[in-house]
Amino acid sequence: MEKARPLWANPLQFVFACISYAVGLGNVWRFPYLCQMYGGGSFLVPYIIMLIVEGMPLLYLELAVGQRMRQGSIGAWRTISPYLSGVGVASVVVSFFLSMYYNVINAWAFWYLFHSFQDPLPWSVCPLNGNHTGYDEECEKASSTQYFWYRKTLNISPSLQENGGVQWEPALCLLLAWLVVYLCILRGTESTGKVVYFTASLPYCVLIIYLIRGLTLHGATNGLMYMFTPKMEQLANPKAWINAATQIFFSLGLGFGSLIAFASYNEPSSNCQKHAIIVSLINSFTSIFASIVTFSIYGFKATFNYENCLKKVSLLLTNTFDLEDGFLTASNLEQVKGYLASAYPSKYSEVFPHIKNCSLESELDTAVQGTGLAFIVYTEAIKNMEVSQLWSVLYFFMLLMLGIGSMLGNTAAILTPLTDSKIISSHLPKEAISGLVCLVNCAIGMVFTMEAGNYWFDIFNDYAATLSLLLIVLVETIAVCYVYGLRRFESDLKAMTGRAVSWYWKVMWAGVSPLLIVSLFVFYLSDYILTGTLKYQAWDASQGQLVTKDYPGYALAVIGLLVASSTMCIPLVALGTFVLHHLKRGDAASVA
């Protein structure tokens, strides 16, 4: 059976596949946000510590299990113990949930990429209203980039209760995104192995180009200084450490079964320890590198908005009080405002409601992550750049490469256990299994292209793979160390690779990493309990901004099902296996 199993063409292909999967959108839109929230440069301290005590050991464990067992997640854990098959099933369920909504991001990236060839960019200006007498009211209250995202891309409904219909343009983009994924996974490792060279390396090329451009932008240094100025008091904030651990955990893609699937196609003698160190270091380096790029552009956007605000206030005061052109500057604005308020109180009180409070610090303090950073903040910066179409095409092409690379790993986690199954593979060829998985995911994914689709996207993004993954990886580490046996696993690795496992890995696997996961698990549970009623951000067109609303009862039920459907696989499959064993024993005893 081992000889019949397909293999990567070379070890480099495997490393590129792992990098392409691990380095994803979270590196670009989650890590910079965490830096901004938790002390800039000082956030790197808990991040690097968590990488050493959690990220590397758990990545090594999953790669070693996949390489040793030579099967997908279900088969690998069944080999360790029949009662642990549910761990693999839970991984497949979580990966299935992730695939359902994650490819919608690629659909949005395609949508923006196609619109990037227009001059001017469609999100750079507000459209005219129905009477052509001024700009659209919703757009004026929000901004042109927010309007394009919420109204033109999502055509978002005012609440989760108003589902609306499927938007045909995003739906076509989703079909295209799934077609691309299908073509990439069509022939298994043979086709995936070639695609990962592009999906892993091209984002770095774009990031390097963006870094060069970003550093030359006016105000870039403001963003970089903001990022790297350490706020040492944040080191005493437990949330900074918890978020550092969470970021490492999720950005490496632990618990989904993708890494086990990829490693199962490795040569048994491959040095999986070296691969784990390389992949985790490159993943973390990419997060820091992407943050430098993001903050240089973020600094440009903040400086542009700040200077624009100053110009508007200066123009308003100059025209109202007949001041000399050029008299007002950033340095004397506050002083002049104070003088005008005392010298002309009635006139100043009339104009006061229209005077905005301009602050560079408050512009830089605006913390945005996820789709808000990718499709609103970045597009706002891009529209103000010279040759904005070029930078827009490059940026959304990079998002596509990152998204597709992660999707290859997600689908591998689902497909490998299915193709390993003799029952399924004997009736259907590999191409048909891949096609069916893509078709089912695409059909369900159409829910996210409805008017309320973005709200459902947030539900899946926030709850489909948080507690479930923590439980899966906790059971994985306990299974290897205490069910299969750490000494037995160590001797297997030594026989397989010819290298002894150092004390460091054994200490991390047996004690430190499981305790860390339990701590994260407790934090998440207590956070959900303390939060009370779960809430979501809904778009209010009349105000041109997001408002907070409570989730309706049926949405809370869906959230509960998302968490339970994966986590309950572990005890239910174990119980089912126990009952089957006892029934077989009973039948054998009755025959005897």
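A Cβ is built for glycine as well, from the same backbone N, Cα and C atoms used for every other residue.
According to TrEMBL, the transmembrane segment annotation covers 12-31, 43-61, 82-102, 168-186, 195-220, 240-265, 277-298, 393-415, 436-457, 463-486, 507-526, 554-580. Summarising the annotation, TrEMBL assigns Na(+) binding site to Ala22, Val23, Asn27, Ser251, Asn283, Leu402, Ser406.
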Listed in sequence order, residues not in Ala22, Val23, Asn27, Ser251, Asn283, Leu402, Ser406 with Cβ within 8 Å of the centre of the Na(+) site Cβ atoms: Ile19, Tyr21, Gly24, Leu25, Gly26, Leu252, Gly253, Thr286, Ser287, Gly405
Contact set, same chain, for the transmembrane segment (507-526): CB under 8 Å, 6 or more residues outside the stretch: 50, 53-54, 56-58, 61, 242, 245-246, 249, 466-467, 470-471, 473-474, 477-478, 480-481, 486
Ala22 (Na(+) binding site) CB neighbourhood, other CB atoms within 10 A: 27
Chain-internal residues near Ser406 (Na(+) binding site), provided their CB is under 8 angstroms and they sit 6+ positions away: Ser20, Tyr21, Gly24, Leu25, Tyr102, Gly253
Stretch of maximal Cβ-Cβ contact with the transmembrane segment (82-102) [cut-off: under 8 Å; candidates 12-31, 277-298, 393-415, 463-486, 554-580]: 554-580
Tertiary neighbours of Leu402 (Na(+) binding site) (same chain, Cβ under 8 Å, six or more apart): Val23, Gly24, Leu25, Asn27, Val28, Thr199, Pro203
Distal contacts, the transmembrane segment (393-415) - CB-CB under 8 A, six or more residues away: 17, 20-25, 27-28, 72-73, 91-92, 95-96, 98-99, 102-103, 105-106, 109-110, 112-113, 116-117, 180-181, 184-185, 188, 192, 195-196, 198-200, 202-203, 206-207, 209-210, 253, 256-262, 374, 378, 382, 433-434, 437-438
Cβ contacts the transmembrane segment (168-186)/the transmembrane segment (436-457), at least three under 8 Å, sequence gap 6 or more: yes
Densest Cβ neighbourhood among Val23, Ser251 (binding-site residues), 10 Å radius: Val23
Cβ contacts under 8 Å made by the transmembrane segment (195-220) with residues that lie 6+ beyond its boundaries: 13, 16-17, 19-20, 23, 184, 286, 289-290, 292-293, 296-297, 299-304, 385, 391, 394-395, 397-398, 401-402, 404-405, 408
When counting Cβ pairs under 8 Å to the transmembrane segment (43-61), the leader among 12-31, 240-265, 277-298, 436-457, 554-580: 240-265
Stretch contact, the transmembrane segment (463-486) with the transmembrane segment (554-580), Cβ-Cβ under 8 Å, 3+ pairs: yes
Surrounding residues of the transmembrane segment (12-31) on its own chain - C-beta under 8 Å, 6+ positions past either end: 63, 105, 189, 192-193, 196-197, 199-201, 203, 247, 250-253, 258-259, 262-263, 265-266, 270, 275, 278-280, 282-283, 286-288, 290-291, 294, 369-371, 373-374, 399, 402-403, 405-406, 408-410, 412
